[in-house]
Structures are given as C-alpha cells and as structure tokens.
Amino acid sequence: MREFCTKWWKRIATVDMLFIGVLTLLASLFASWLKQFPGFSLFGALIIALLIGMIIQFPIRSAYVGSNDGRKAGVKDAAGLISNKLLRLGIILLGFKLNLAVLFTQGIKCLPIAAVVVTLTIIVCYAIARKLGVDPMLAILTAGGTGICGAAAVMGLAGSIKVPEDKQDEKDNDVTMAVAIVAIMGTVFALLEIALGPLTGMTKDQLGITAGASLHEIAHAVAGGDAFGAVDIATIMKLSRVLMLVFAAIIIAIWWEKKHSEVQSTGKKTVAFPWFMLGFIGASIIGTFVPFVTSITPQLVDFAYIVLGMAMAALGINVNFKAIASKGKKPMLASFLTSILLMCFAAGVAMLFF
C-alpha cells in the first residue's frame, strides 16, 4: 500500500501536473461560462472544453515544452491522467442529474423506447462503420456517442474498454474523434429537426419525444425540445437514454474483452468491468431519495460538468490532428447515416405512442 501511494504521489506531485491541472480547470470554467451565450449553448460545455484543449496544445508545445523531452513526457502523462481519472469521477457525479423517481413515473413510457433506440442505434452504427472499414474501437465509440448521450457516452464507454499501454494514444485519439463526430452530427440534426419540426404536423409532445430520442447531446435535446415548447418531455426522454449508458457500458466491456481485447492476460480471464458505473447509479439513487442531496443537486451537476470539462480539455491537449484527419471521414459518414435512420425511427415511435 505504501509503495502504491508513493508511486502515485510521484506521478501527481509534479510541476507538469500542476500546470496542466490549472490549465484544464481554467478551460473547463471558461467553457461553462461560454455555453450561456447563443450559439455556444447548442454545443454544450464539454465540446467547448475539448475545442479549447485542442487550441491551447499549440502554445503549450511552443512556449512550455519546447525541445525539452522530459517536459513533453510530463505534459503527456499529466493530460492522460486527468482525462482518464476525472472522466470516471465526472461520470459518477453526473448520476446526480438522473432523477430515478421522475424517470420511473413521468418517463415510464420513455424507458422501453430508450432501450430499443440505444440498442438499435449502436448495432446499426457499428455495423455501418465496420462495413466502411472503421476500426472496432472508433466504430463502437462513435456508435455509443450517436446512440446514447454524445460526449459523455463516448467517455463512459472508453472508460470500460482496456487497451495495451502502447495503444493508449491511439485510443485517446479515437475518443477525441468520436466526441467531435457526435458533436457535429448532433448540432446538424438539432438544427434540422428544429427547422423541419413545424412542417411535419406533429404535436409538440411528439416533437419533444423525437428530439429526446434522436439528438446526441443533452444540450441538443434540450435545445430541440425548447424550440417546440416541449423541453420537459424532451429532457425526460433524453435522460432515459442516459440511463442506458450503464447497461451499454457493462455489455460493451464484456463484448470487447471477448472479441477485441489485446491486453495480455495473466492467468485467470477477467473483464474490464466499469465499476465507476456503479457509482453513477449510486449517485442517481442518492440524488433522488436523500433530501439534503436533492437540494444541492444543481451544484453537484455543475461540478460534474467542470470535472468532465477538465477531462475533455486534457483530451484536446493530447490530440493528434494528423490521425484524426486520416481516419475521420468514414466514422462521420456512419454516424450521419445512422442519425438519419434514428431521426425517422424516433419520429415514427413518437407518433405511434404519444
């Protein structure tokens, strides 16, 4: 235990960790401030934080790292540690946003729809991506982000998948690429649904369900629902999909371990069970049924987004632009085609059941 603590203290207590920690915190806070303005609100704080991280990597390299190899390794390790560990903490804290009492009362019809939507979307998007030649990691992350809840889903699923140490950089690039793809697709389809919604003849509740069942980020679903005067039903539908992240993360972790894992096993076969998802459920239960916690839920959720924003900014700092440029077109096409099918399916379900 002492050796473990010493090892982690040496890794954390560095100038590079302090520098990157402060930068990612500032990036996250700035993103949270920016999201309140028109235009930025459609992207949400997490996507903005990722973009800030991608931008500031250039002055970090030129002004701070320079030709110092030790500093370069320190920055990379610090950003990697922040993106990995704060991701899990942020997902756990995000559980406070999920009010189970509301979901199992007002949203009782939304839960089975969410289960079907998430399952079909992940399967279809993954199949299309693989058919186009996308590697399994990027394909499943893009599928999960498209089907569940955008950036948070990509990061949640990434935390459930183990890769060898020498493949961690490639995995981080895939995470960044998948986040960027679902952010772009979510924005495009949010604008498309807002424009086409009034022309369909659907009721406002049907339009709200369609937005919640088909749009990628929570911010997209809220924007779509608000445009139709159905923000409450859109949010409930979207949060029903968010709940599916728990089951998707567990199932995908088991599937990945059996089909694609490259981690060397030492004896007994184990599965990379996403234990932090139990924390997510625990936070949901506490946030729903403990009165004191319920009263401070907005503050806890704000803190969750700050933590996740730090993780996203750290991802942006380590991103490899050449890798993204060479691999991004096919998964984006897969997400685009799936998003069209998802929008049509969600509209059909909304008209049938609401």
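Residue 1 is the first one shown; counting continues down the chain.
Using the three backbone atoms N, Cα and C, a Cβ is placed for every residue, glycine included.
Swiss-Prot has this to say about the protein:
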- 12-33: transmembrane segment (TRANSMEM)
- 43-65: transmembrane segment (TRANSMEM)
- 86-108: transmembrane segment (TRANSMEM)
- 112-129: transmembrane segment (TRANSMEM)
- 138-160: transmembrane segment (TRANSMEM)
- 175-197: transmembrane segment (TRANSMEM)
- 239-256: transmembrane segment (TRANSMEM)
- 271-293: transmembrane segment (TRANSMEM)
- 300-321: transmembrane segment (TRANSMEM)
- 331-353: transmembrane segment (TRANSMEM)
Looking only at the recorded stretches 175-197, 239-256, 271-293, which one has the largest tally of CB-CB distances under 8 Å to the transmembrane segment (86-108)? 271-293
Give the nonlocal contacts of the transmembrane segment (300-321) in its own chain as ranges (CB under 8 Å, at least six residues past its ends). 20-21, 23-25, 27-29, 31-32, 45-57, 60, 75-76, 78-80, 82-84, 86-87, 89-91, 93-94, 96-97, 151-152, 155, 169, 172-173, 175-176, 179, 287, 293
With contact taken as 3 or more Cβ pairs under 8 angstroms (pairs 6 or more apart in sequence), are the transmembrane segment (271-293) and the transmembrane segment (43-65) in contact? no
Ranking 12-33, 112-129, 175-197, 331-353 by Cβ pairs under 8 Å to the transmembrane segment (138-160), which is first? 175-197
Which one of these stretches, 12-33, 43-65, 112-129, 239-256, has the most C-beta pairs shorter than 8 Å to the transmembrane segment (331-353)? 112-129
Would the transmembrane segment (112-129) count as touching the transmembrane segment (239-256), if touching means at least three Cβ pairs under 8 Å and pairs must be 6 or more apart in sequence? yes
Using Cβ atoms and a strict cutoff of less than 8 Å, what residues sit near the transmembrane segment (175-197) while being 6 or more residues removed from its termini? 42-43, 46-47, 50, 54, 138, 141-142, 144-146, 150-151, 153-155, 158, 207, 210-211, 214-217, 220, 223-224, 227-228, 312, 315-316, 319, 323-324, 327-328, 331-332, 335-336, 339, 343
